[in-house]
Amino acid sequence: MSESTTGPAQATPVLDVSRAIDTGKWTKHQSLVVALAALVVVLDGFDNQLLGFSIPQISKEFGTDRGAFSWILAAGYVGVAIGTAVGGLLGDRIGRKYALVAAVVLFGTTTLAVAAAPDMLVLGILRALAGVGLGMVFPAVASIVAEYVPLAKRSLSVALTIVCVPVGGLVGGLIAAEILPALGWRALFAIGGAAPLVLAVVIFFALRESLLFLVSRGRNSDLELVRAGLVRLGHRVDPGATLIARENRDVERGSFRELLGPIYRRDSIALWAAFFFSLMGVFAFYSWGPSLFVDSGFDLAFASRSISVYNLGGITLALLAAWAMTRYGSRVTLIAMALGAGITGAWMFVVQPSPGGSTAVLIVQLVLHGGFFAGLQTVLYSLAAQVYPSNIRATGVGACGSVGRAGAIFASFAGATLLAAGGGVFYLMLAIAGAMVALALLAVKRHTPAMRSVRASAGEAKTPVSQ
């Protein structure tokens, strides 16, 4: 099938690269892109958890109490927030591939350097810099996966990639359990830093730049790479075809101003609100849920396992939600997820977990609330990656993630106040956060449609396109 089309008044055929990728088939190259992106996110999740695993040994070696780590944890969160915004801008300026390589090298190098940290000050500075690199990962990963994968599998592919964050935490826990008793915390950070540097080399040589980014840059050498890339993805391309990305018309590449311009202002503000309240709810539970359970009378072992149960729900429902987005569209799916998060938060407010209550009910509450809230956060990246055109996709995803991290920072500090007011207030906050996400998602205009709607209009792929 020819991918190029010629209009009645056109002297040369015109190929819309974004349309070709949307309607194309799955190939081995796309499997490679998703696999490499997923590996990066696994290591991101692993490195995110390293300090938490190591605090007991570090505090003993440096002679500090655990409270002294609060500013280091906060510095890491701030670094991630900054890195997410910076990574988005870099992804749209220098390319997704090179932004991703820079991110992996940065968090790998600084994590490796932590293994030689002589004191708490150096440790804190290095973790803040590592946070910048960790934050830079998500805009690049979400953008390059979204821009290589056909529309029918896009939501699921992005979700499969982002959901590897808790997988990385799980892998990290298993590795830490073996390394910490035998070799100590410095060896754990050495492993956590060396692995990303090895992967950065693999990415540099094996991962090809996003075709849509190359089209938007418009260099002659880039366009030849795009033609070769389309052939590699199974398309036949007329050598004389003019290559365009119709979605990028009238959009300045890598411009933050475009996010708040007349075209994307409403969606940007709505997505920022959704990310803020979503990450606020998730990190409130991550940061303070175990402490709340201990205060309620549960033992420390159960309180620690509660996070694993919560994450299990998040992984499961994230994948189900990604499938549902393809079948039913993002509006119905994500609003249902947000309402589910709010309703389960309200359920925990009414039937508060306690050692004297039903264990089965509590597990169901944790699985469902974690599933709806943590799962929602994963698929929000899928939506953000598809709301914006490729010229500002990484910038848009980065801005969403950065605002979301502000919600996480807020939750980290506000959680103690909520706990002091009682568990009921904490659960009520989770319910309100879910409702706020639902309201924000109602305001988004550019939700992804159900695939049956896309297939119904598939004939448009064969109609002439004009510049």
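Indices start at 1 and increase along the chain as displayed.
Just so you know, glycine gets a Cβ as well, placed from its N, Cα and C.
Note on the domain 'Major facilitator superfamily (MFS) profile' (33-448): its mean pLDDT in the predicted model is 88. Under the heading domain 'Major facilitator superfamily (MFS) profile', TrEMBL lists 33-448.
According to TrEMBL, the feature transmembrane segment maps to 32-51 (among others).
Taken from TrEMBL, the feature transmembrane segment covers 71-91 (among others).
Remote same-chain partners of the transmembrane segment (98-118), defined as residues 6 or more beyond its termini with a Cβ less than 8 Å from a stretch Cβ, comprise 37, 40, 43-44, 47, 50, 83, 87, 90-91, 126-127, 129-134, 136-137, 139-141, 144, 186-187, 189-190, 192-197, 199-200, 203-204, 207, 209, 394. What TrEMBL records for 98-118 (among others) is transmembrane segment.
Residues or ranges marked as transmembrane segment by TrEMBL: 124-146 (among others). Long-range contacts of the transmembrane segment (124-146) within its own chain (CB-CB distance under 8 A, at least 6 residues past either end) are made by residues 33-34, 37, 40-41, 44, 47-48, 51, 71-72, 75-88, 90-91, 96-97, 99-100, 102-108, 110-111, 113-114, 117, 154, 157-158, 161-162, 207, 210, 381-382, 384-386, 390, 393-395, 397-398, 401-402, 405.
Outside the transmembrane segment (158-177), and at least 6 residues removed from its termini, the chain residues within Cβ reach (under 8 Å) are 34, 37-39, 41-50, 53-54, 138, 141-142, 145-146, 149, 188, 191-192, 311, 314-315, 318-319, 321-322, 374, 378-379, 381-382, 385. Annotation comment: TrEMBL describes 158-177 (among others) as transmembrane segment.
Through the fold, the transmembrane segment (183-207) approaches residues 32-33, 36, 39-40, 43, 46-47, 50, 53-54, 57-58, 61, 97, 100-101, 104-105, 107-116, 144, 172, 175-176 of its own chain, all at least 6 residues removed from its boundaries and within a Cβ separation under 8 Å. Among the features that TrEMBL reports, transmembrane segment is placed at 183-207 (among others).
Marked as transmembrane segment by TrEMBL: 269-288 (among others).
The annotation transmembrane segment is assigned in TrEMBL to 308-325 (among others). Distant neighbours of the transmembrane segment (308-325): 155-156, 158-160, 162-163, 166-167, 169-170, 285, 289, 332-334, 337, 363, 366-379, 382-383, 448; these residues of the same chain sit at least 6 beyond its ends, with a Cβ under 8 Å from one of its Cβ atoms.
The transmembrane segment annotation in TrEMBL covers 332-350 (among others).
The annotation transmembrane segment is assigned in TrEMBL to 362-384 (among others).
Listed as Cβ neighbours of the transmembrane segment (396-419) (distance under 8 Å, sequence separation of 6 or more from its ends, same chain) are residues 73-74, 77-78, 80-82, 84-89, 91, 135, 138-139, 142-143, 256, 259, 264, 268, 271-272, 275-284, 287-288, 291-292, 295, 377, 380-381, 384-385, 387-388, 425-426, 429. As annotated by TrEMBL, transmembrane segment applies to 396-419 (among others).
Residues or ranges marked as transmembrane segment by TrEMBL: 425-444 (among others). Listed as Cβ neighbours of the transmembrane segment (425-444) (distance under 8 Å, sequence separation of 6 or more from its ends, same chain) are residues 266-267, 269-271, 273-274, 277-278, 280-281, 284-285, 288, 292, 331, 334-335, 338-346, 348-349, 352, 369, 372-373, 376, 383, 387, 415, 418-419.
Note: the stretches the transmembrane segment (362-384) and the transmembrane segment (269-288) are in contact (3+ CB pairs below 8 A, sequence gap of 6 or more).
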